[in-house]
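Residues or ranges marked as domain 'GHMP kinase N-terminal' by TrEMBL: 175-251. Taken from TrEMBL, the feature domain 'GHMP kinase C-terminal' covers 303-378.
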Amino acid sequence: MESSNLISYSIKDMCWCCPYSSSMSSSSRALLFSNARHGMRSMKSGRGEWSIQGSHSNSKLASGRCNIRAHASDTTTSSENKIEVVYNPQKRIDELTMELNSSSSVAVSNLTLFSPSKVNVFLRITGKRPDGYHDLASLFHVISLGDIIKFSISPSTTKDSLTTNASGVPLDEKNLIIKAFNLYRRKTGTQKYFWVHLDKQVPTGAGLGGGSGNAATALWAANQMNGNIASEKELQAWSAEIGSDCPFFFSQGAAYCTSRGEVVRDIAPPISLDTPMVLIKPKEECSTAEVYKLFSMERVSTKDPEELLREISQNGISQNVCINDLEPPAFEVLPALKALKERVAAAGRGRYQAVFMSGSGSTIVGVGDLEPPQFIYDEEQYRDTFISEAFFLTRKENEWYQQLIDNTCSIEEKTCL
């Protein structure tokens, strides 16, 4: 006899419980969650048919990251029964939908995905290639700062449509999302076009790989909306044609990347995922082309990148391992960036485990604390500085990255959501 389970919802002072079978399919569970959420909304407006099961105010369990609270139920269950307490119904619905989409060969017509960014915990430049690019060896790690992208099938048979909340973002084929769709159609022979809205949170010119993350997310979405006809490995290989950072996002979240960055070796996360960090990006951007123009192999570190990887895997993150060979030329392009890094490191001594620049700049990362030094708030020159809390992030196999919380803000706003 199959065991029965209980989906339990609680909003404000109401507790909602729905029985479900442990053998129930992902699609049925997703529908059940959706119906339960609709039932709660209906009851709140006096139209619901759902029943309340013994909820007591003195048994409230507070969730630290949301406004939805769970309550213990009087319902007595046997040892075969389970109760799933859901603090965030919408997030749980999204998780079940993602699980369904990832395992199904049935195409979906609408999809909302989190598009993450990354940091380079260390970045060694190991040589110059005959094709003009540089070989690198870097520990890439996905972080929780990211964009939200909504995808829908377009009725158009000739073009994709892209909208965004951010000014200055190209909406034509210069955008990596559109490039990703064109690449997917070319590789698979499919003819679907898409409507896309990009809710941009990752700043541009930051060294955080926001555009590359968008491209990888678009490839994932296109594959989902065409019935998963390509494998993850194929998507990863194809994405290298868009940009060197794109294949990394098809890792599990932590990877040692070599060559131009497109050779990706998945590794176990070498840093605890609950390690906090703060991202500090001045208004000024670093041009990657300008940084490489001023780059010289004579100024690079002599430390073996494989040894850096071993050290961070065994002993954790420290200032000694967070080497970025692009810092010297980036600091020439943007001298104020060097001063910012030095001041953050000095003000955060004993507070940050490491302070470093990500990619080719211009983001300075302080690992070990969610808050920037006070001078960032106090001084006029940093008024337009972008700051964001972040954590290291990974994903499960055959699932895309999931959003944690939104903690971005500007100095002008002074309030993080």
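Using the three backbone atoms N, Cα and C, a Cβ is placed for every residue, glycine included.
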Helix, strand and coil counts within the domain 'GHMP kinase N-terminal' (175-251) (DSSP): 41 helix, 6 strand, 30 coil
Stretch-averaged pLDDT - the domain 'GHMP kinase N-terminal' (175-251): 97
Helix-strand-coil residue split for the domain 'GHMP kinase C-terminal' (303-378), DSSP-based: 36 helix, 11 strand, 29 coil
